[in-house]
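Data first, discussion second: the structure below is written as structure tokens.
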Amino acid sequence: MEFLQILTQLVLPISLALMMFSLGLSLSANDFRRIAVSPRPAIVGIVMQLLLLPLIAWILLIAVQWFMPISNELILGLIILAACPGGATSNIISHLSGGDGALSVSMTAVVSLLMPFILPLSLALQLAWWDETLSVDFPVMKTVMQLLLITVIPVLLGMLTRGRWLVVVLRLEPTVRKLTALMFVLLVLFLMLEQWPQLNVLGFEVAALCLSLCLCSMFAAYLFARCLSFDNKVIKTLSIEVGVQNAGMGIFIAIGVLNQPILALVPLMYGLVMNIPAFSLIAINLYRKRSQS
């Protein structure tokens with residue numbers, strides 16, 4: 001088996017499953033009850049993740065095509081990325097930037113369980129609607145089963161582990177989270193090296209698309225949440241949850257499901273450029289805290 005096949009068919013799904021297991025270790029039933037007690041912010045956020053974000057991606061692609069042609073590979077990559085709601089990374093960013101950490105975790109918990117059922121249908125419909133020239137045969141049922149195996153089951157196993165061995169989990173969960181994150185970062189670096197010839201040619205175009213999607217979705221979520229009169233912490237959290245996508249899931253869909261590594265260029269680049277607005281929000285929050293102290 002070639003090195004790229006080992007990465008995409010074995011290491012990538014295992015890495016994602018371990019990350020979802022790590023997420024499950026941090027979740028409890030209270031994270032779901034919290035939505036039942038105060039459902040409005042979470043429901044608004046989840047709806048924006050599932051509907052507003054793909055709409056923004058479409059508007060962005062149509063707008064850019066008015067000025068310059070975009071290859072089918074980049075169109076597909078951006079549509080795939082926009083269909084992958086944020087994961088554990090958004091929880092960390094929300095916490096460090098002064099958002100509502102509990103809301104962020106609760107949204108991630110619900111979306112993680114919904115993803116295997118909604119994401120394949122959403123992608124299949126979008127790929128069929130965009131343009132016949134894309135001609136992608138998207139395997140819906142196969143994708144549902146694969147996502148169940150690498151998302152829902154690991155999350156549930158993590159939650160069961162937390163419920164059974166809470167003391168041990170509380171001590172080990174931070175270490176497990178860091179190790180799984182490191183494993184995923186190394187995987188992304190290897191994949192970027194494999195795709196370097198394409199990135200070297202399309203790098204600026206891909207980076208501009210990814211950063212535009214991130215900033216536009218954050219701004220749209222901010223405006224929408226502001227119009228609904230949420231407090232500042234909730235507004236910041238919803239902006240992050242909608243603006244920060246699950247790049248790892250996008251990579252898996254591109255390579256593990258569709259077996260088209262070139263489609264992973266967008267989520268790979270996104271995993272880098274999303275840090276620009278993320279670190280900016282964190283830096284602003286730290287500056288404000290320091291100014292108030």
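Keep in mind that glycine also has a Cβ here, set from the backbone N, Cα and C atoms.
No curator has checked TrEMBL annotations; they are predicted automatically.
Per TrEMBL, the features are:
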- 6-30: transmembrane segment (TRANSMEM)
- 42-68: transmembrane segment (TRANSMEM)
- 74-93: transmembrane segment (TRANSMEM)
- 105-127: transmembrane segment (TRANSMEM)
- 147-167: transmembrane segment (TRANSMEM)
- 179-196: transmembrane segment (TRANSMEM)
- 202-225: transmembrane segment (TRANSMEM)
- 237-258: transmembrane segment (TRANSMEM)
- 264-287: transmembrane segment (TRANSMEM)
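Within the same chain, residues 8-9, 12-13, 15-16, 19, 41, 44-45, 48-49, 52-53, 76-77, 80-87, 89-90, 93-94, 97, 99-101, 103-104, 107-108, 115, 119, 123, 136, 138-139, 142-143, 146, 150-151, 184, 188, 191, 213-215, 217-222, 224-225, 230, 264, 266-268, 270-271, 274, 277-278, 281 sit at least 6 positions outside the transmembrane segment (237-258) and bring their C-beta atoms closer than 8 Å to a C-beta of that stretch. Sequence-distant residue pairs (6 or more apart) of the transmembrane segment (202-225) and the transmembrane segment (42-68) include at least 3 whose Cβ atoms are under 8 Å, placing the two stretches in contact. Sequence-distant contacts of the transmembrane segment (147-167), counting only residues of its own chain at least 6 positions beyond either end whose CB sits under 8 Å from a CB of the stretch, comprise 13, 16-18, 20-28, 109, 112-113, 115-116, 119-120, 173, 249, 252.
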